[in-house]
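Contents: one structure, followed by commentary.
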Amino acid sequence: MNYIGILMYKIQHGKWTISDSEDEDNIIPPTPQKDSNKPSIKPDLERKPDKITTFFKQEPKLTRTATHVNQTNPVKYESNPSPSVKRKRETEEAGWNLSSSDDETPTSALKNEPKKSKVSPKRKKTEDKRPPSPHGTSYYKEEPADFFETNLLSMNDMYRFYLNKVTGIPKKFNTGALHIKEILSPMFGTLKESAQFNYCFDIPWMVEQYPPEFRDKPVILVHGEKRESKARLIEHAKPYPHICFCQAKLDIAFGTHHTKMMLLWYEEGFRVIILTSNLIRADWYQKTQGMWMSPLYPRLPEGSPETAGESPTNFKRDLLEYLEAYQAPELAEWIDRIKQHDLSETRVYLIGSTPGRYQGPAMEKWGHLRLRKLLSEHTKPVQNEEQWHVLGQFSSIGSMGLDKTKWLAAEFQRTLTTLGKPGKSLVYPSVENVRTSLEGCPAGGSLPYSIQTAQKQLWLHSYFHGWHADVTGRSNAMPHIKTYMRVSPDFTQLAWFLVTSANLSKAAWGTLEKNNTQIMVRSYELGVLYLPSAFNMSTFPVEKNVFPASSSSKGFPVPFDLPPQRYSSKDQPWIWNIPYAQAPDTHGNVWVPS
């Protein structure tokens, strides 16, 4: 489909209004038409909390809602070309797994009553109705008994970078990968208490991932919800008295609490996990995700000074500073616990974003200027450094501006190309990648690149490369992982590697203001940076045989194939809010958003 075709779809399938905000887009889908041949489906508004599953995540200052109210399903049978195609199935989930859209489509709360008139011209932010989740409860299959690890022999603890397990791929590609049930299992420690920082929560599902012996241990959920969506989250936790909450402050419009981190306190010590998965089932099923899992940190001797237990990467200091940025009394106990533990074995650097406007030395604490500072201080020159490639890979794209000089090829490129000035490759799934994926078109619900943003930055699409991951057996598991790296001209060595929650957006990474004397960051993000110097290496060799994992491997397990493959002339980036009806996906469906 070419871009003229995309714009024709826009005309034929409903009008969209572009928001006046630089980083935010707005959609007004056409009003769903009632199918007289189908019985009306009433939303089950009285469902008990233990039956409520994933709710669609919307932006702060607005609300998240059960999006099956007055909606139509975008996943349809490919039975004939008639407009009146039938649904393959009615969804039983409460919302679309649009995980980690940090920069797309602010919306207002949906109303149960029918729409009576057009939105008032005075309203800047218009109502946005989303399709329901394409995943019904019958979609998921229980994993076989041998799906989960029973010991740690296959773990490679050199880099402590792991992919998630994926249902439906050969077993060898899951050997050494981790599922959330394994992370929370007694294999890694006797859990006393945990903190879950995240963007989307399915509380009943999350509770079930803890083993029975830990299921009633205290958990604090750190979230960014407000108003109705906050009330709904609290309501869903009522059956679980061991759960409490900490609301992250989001004082800058369109920011999100996008950080994904687990703090696990054991009888044996303490552990940190920084990851890319939301706490919803779809994110741990057939998507590619990544995580860094810390070593087990032992408790320091009584009376140790506050500076004790620091790593060469200053990870302890930076983690404490990140948690203190929440200014949340609910996290004080966790801050004290971290101070009491020895984090000296950490070999990664923390890269965080916290909302705010920063000047002077504080500019280098957060966002892409934090990354720039670390790369400047801790990377050494390499031969032919100007020829080393920068790769960025992500699952959501924000507004970059009318041309590359507005942000991407200006301040952000300066950060990423500390070692030189080559072109960049951006890895983002194509329409064909999504159509042929394990999930089929529903995978596109977690790749929220909108037509409103795309049509303003067609220049960006010349950077795009498809998702191909034969090296990890995950070519058909669409990426929700976000990675950035610097790789040698022959794609065998890495100068650095970053896994993070931060997508390609100014909201996540920050943007310079006031003649470059101030940086403004909208969202909370968190990732870890791997630098060879922290491992007493000059570069990281790229691992050619990632799976099955081996504890003796010295290569870095890059999650996708190198070199990346540029889009063909027929490829287009997946845009989630336009139809794809020319060919069915792997489940026989086509994608027709309302």
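The backbone N, Cα and C atoms fix where each Cβ goes, and this holds for glycine too.
Every protein chain considered, the tally of other Cβ atoms within 10 Å of the Cβ of His258 (active site, nucleophile) stands at 32. Taken from TrEMBL, the feature active site, nucleophile applies to His258.
Neighbours of His480 (active site, proton donor/acceptor), defined as other CB atoms within 10 A of its CB across all chains, total 27. Residues annotated as active site, proton donor/acceptor in TrEMBL: His480.
The substrate binding site annotation in TrEMBL covers Lys260, Lys482. Its Cβ taken as reference, Lys260 (substrate binding site) is surrounded by 28 other Cβ atoms within 10 Å in the chains shown.
Summarising the annotation, TrEMBL assigns compositional bias 'Basic and acidic residues' to 35-51.
Under the heading compositional bias 'Polar residues', TrEMBL lists 64-83.
The region 'Disordered' annotation in TrEMBL covers 21-141.
The site 'Interaction with DNA' annotation in TrEMBL covers Ser505.
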Mind telling me which of the recorded positions Lys482, Ser505 has the densest Cβ neighbourhood, counting other Cβ atoms within 10 Å? Ser505
What's the CA-CA gap between His258 (active site, nucleophile) and Lys482 (substrate binding site) in angstrom, rounded? 12
